[in-house]
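Here is the structure we will look at.
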Amino acid sequence: MLYREAGDFKTTYREDGQTFPIRLDRTAYFAILAVAALFVPFVINDYWLNAVLLPFLIYAIAAMGLNILTGYCGQVSLGTGAFMAVGAYACYKLMTAFPDINIAIHIVLSGFITAGVGMLFGLPSLRIKGFYLAVATLAAQFFLVWLFNRVPWFYNYSASGQINAPERTLAGFRITGPETQAWAVYLFCLVFVVASAWICRNLTRGAMGRKWMAIRDMDIAAEIIGVNPLRAKLSAFGVSSFFVGISGALFFSVYLGAVEVGEAFGINKSFLVLFMVIIGGLGSILGSFLGAAFMVLLPVLLKNVLVGGLGWPTDLAAHLEYMIVGGLIIFFLIVEPHGLAQLWRITKEKLRLWPFPH
Amino acid sequence: MPDQLLFAIEVTLNGLMAGVLYALVALGFVLIFKASGIFNYAQGVMALFAALTLVGIMDGQVPFEHLINAVFGTDIHGFGWEVPALLAILLTMVVMIAFAWAVNWIVLRHLVGQEPIILFMATIGLAYFLEGLGDMMWGADIKTLDVGLPQGINTTIDEATFNMFGYGFFIDNLDITATIIAAVLVAVLVAFSQYTKQGRALRAVADDHQAALSVGISLNFIWVLTWSIAGFVALVAGIMWGAKSGVQFSLSLIALKALPVLMLGGFTSIPGAIVGGLIIGVGEKLFEFLVGPLVGGATENWFAYVLALIFLVFRPQGLFGERIIERV
C-alpha cells in the first residue's frame, strides 16, 4: 500500500472533494480515531489524563479557534485567554443557574455566548489592522479579566473570588467535580474535539473559509471582488470565539475544576495558544493539533528529563524551560516559518514520489 | 481652592511623571520599529534583563551561580566585591551591546524578508528566552536596585505648595529625576539622529531599506546599532523602574503598558511615544481617581487599552503616525 493517488479513482464530485483524497490518509485518520475512541479509554490513568491528554485536547480546540481567526482570516488576536475566560464563566453561571440541564448543552451555550462577546470585541477590526489590532485585542484581555475579578455576580459572590465547578454527571458517569472517572472525562472531551475539528475543517474549505482567506490575503482586493469585510471579519471573530469559548468552558469545568481568572486565563494563556498556532502552522487544522501537542508535551518532557532525570532543583528547571521554549520558537520560525503542518506537507510530497523521486 | 481639585492636580502631576516612564519604554519600541520594521515585544524583558545584570554586577554575583552549584555540586556565592554604580552601568551596557549583536547574528539575519507577524513572534520567543536567561544568570529573587538616585518625597515642593494652598503635594524625587533623565535622553537621541553620520544612516534606513542599501549603508551595522540603543533605553528604563519598585519579574510587564502608548502615539513617531505616554499616564491616574472607586478600583490594568482602542477607531494610525495608504 503505497502513498499515492494513482489507482484511487474518483467517480463522483463528492469523492473528489473529500478532506483526505489519498486512501492511506483516510485509513490513517480512521485508525487514529479508532485508537483514540476505542483503545485509549481502557488504558488511560489519571496522570496521563491530567498531564497530557486533557490539556492537549482542550488546547487543540482553542488553537483551532484562534487558527480560524489568525490563520484563515489574518486577524492577529492576543485576547484568547480572555475569551477562554468568557467561556469558563459563562459555563459556570449556566451550571449554577440551571443545574438540571445537561452539561454538554451548557458548554455549547457558553460557546455561543463567547461568540457574541468575541464579535463585540471584533468590531474595531473593521477600522484597524495588523499590530494595531493585535494590541487592541489586548484591551479585551485586560478588561475582561478585570471584569471577572471585580464584579461579584460573575463568581456568585463567593468569598474567595474563585469559581468552582459543581458535580455534574452525563449518562450516569461523573464528568466534573471531584472523583471523576478518567475515561469518561477523556471521551467527553474527545467528542468535542472531533466535532470541532470536523466543523472547522468543513467551514474553512467552504464559501465562508474562502471569504476569510480572501480577506487575509488582501482585504481591499477581497472587498472589490464582492466579499463583505464586515460579515467576513465578524463571522471569523464569532466562529473563532465560539471554539475558544468551548475550550475555556472545558478547561474550567472538566480540567481545572477551580479557577482564579487572572491566573488561569491571563495574558500568558493568550500567548501560549498563539504559539501553538504559529508553531503548528497558520491556516491549518492539522497544525492546530500538532502545535497543541508540541506545547503540551514539551514542558512535561523537560520536567521529566531535568527534574526527574538529572535531579536539578525545580526553579532552575523552570528557567531552563523558558529558555528552551523561547529558543525553540525562534528555531522553528527560522527553519520553517509555516510551522509543523508545512513540514508534514513537504513530507507528504516526498512520500508521493518515494521510492523513485526522479 | 477646594480639596478635591487639589487632589486632582496632584494626581495629574503624578500621572505625568508615570507617563514619562511609560514613554521611556515606548521609545525603545519606536526606535526598533522605525529602523527594522520589527515590533520588538522583548523590549520589556530587555529592561528587566538590563536591571538584573546591573544589580548582579554591582553586588558582585557570579553569573549562573545556581546552575554551576547544581551541576558541579560546588558552593559559590558571589565574587565578594562590590562594583561602583557607574562602572557597573558601563559593564551592563557592554552586555546589552553584546546581546544586540547576538540577536542580529543569530536570529534576525535568518529572518530577513519574513512577514512582520513572524518577526513579532520571534521577538516573543526572544522575550521568553531572555526571561529564562536573566533568572538563570542572576537568580529569580526580588532585588533592590540603588544606584544613588534620590528617593522619597520632595520636601521643597511639599512645603511650597503647603504654604501656597494649605495642602502639600506628594511628589517623589525619583519621579522628578526620571523626568529629567528622560528629557535628556530624548534630547540626546534627537541630536544623535540629526547631527551624526550614524544617526543620519539610521534615519535613511528607517525611510527606505533598499535606497539606504544602495548608497552603501550597512543594514547589519545599523540594526546592531538600533538594538544597542534600544538596549540602552531599556537599561535606563530598567534603572528607573527597578529603583521604584524593585527588580523583579513584573518589571517585564511594563512592556505591556507601553503598547497602548504606542498605539496612541503611532508606532513610528518619537514625539508620539512621549505625548502618548503622558496622555496615558495622566489619563489612567485621573480615571482611577475619579471613576475607580465607583467600579471597584484597579482600573489601571485596562484603562490605557480601552482609551487607545476608542481613539484608534477614529484615527487608525495613531496621533503622530504616518498616514496609512493602501493600494491593491
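Every residue, even glycine, has its Cβ placed from backbone N, Cα and C.
TrEMBL annotations:
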TRANSMEM  B:12-33  transmembrane segment
TRANSMEM  B:45-64  transmembrane segment
TRANSMEM  B:84-107  transmembrane segment
TRANSMEM  B:119-140  transmembrane segment
TRANSMEM  B:176-196  transmembrane segment
TRANSMEM  B:217-241  transmembrane segment
TRANSMEM  B:261-282  transmembrane segment
TRANSMEM  B:289-314  transmembrane segment
Within the same chain, where does the transmembrane segment (B:12-33) have neighbours whose Cβ lies under 8 angstroms from its own Cβ atoms, ignoring anything closer than 6 residues to its ends? I mean 6 or more beyond.
39-40, 43-44, 46-47, 169-172, 175-176, 178-179, 182, 185-186, 189, 226-227, 229-230, 233-234, 236-237, 240-241, 244, 254-255, 257-258, 261-262, 265, 267-270, 272-274, 276-286
Have the transmembrane segment (B:217-241) and the transmembrane segment (B:45-64) got at least three CB pairs under 8 Å, pairs 6 or more apart in sequence?
yes
Select the range from B:45-64, B:119-140, B:176-196 that forms the most Cβ-Cβ pairs under 8 Å with the transmembrane segment (B:261-282).
B:176-196
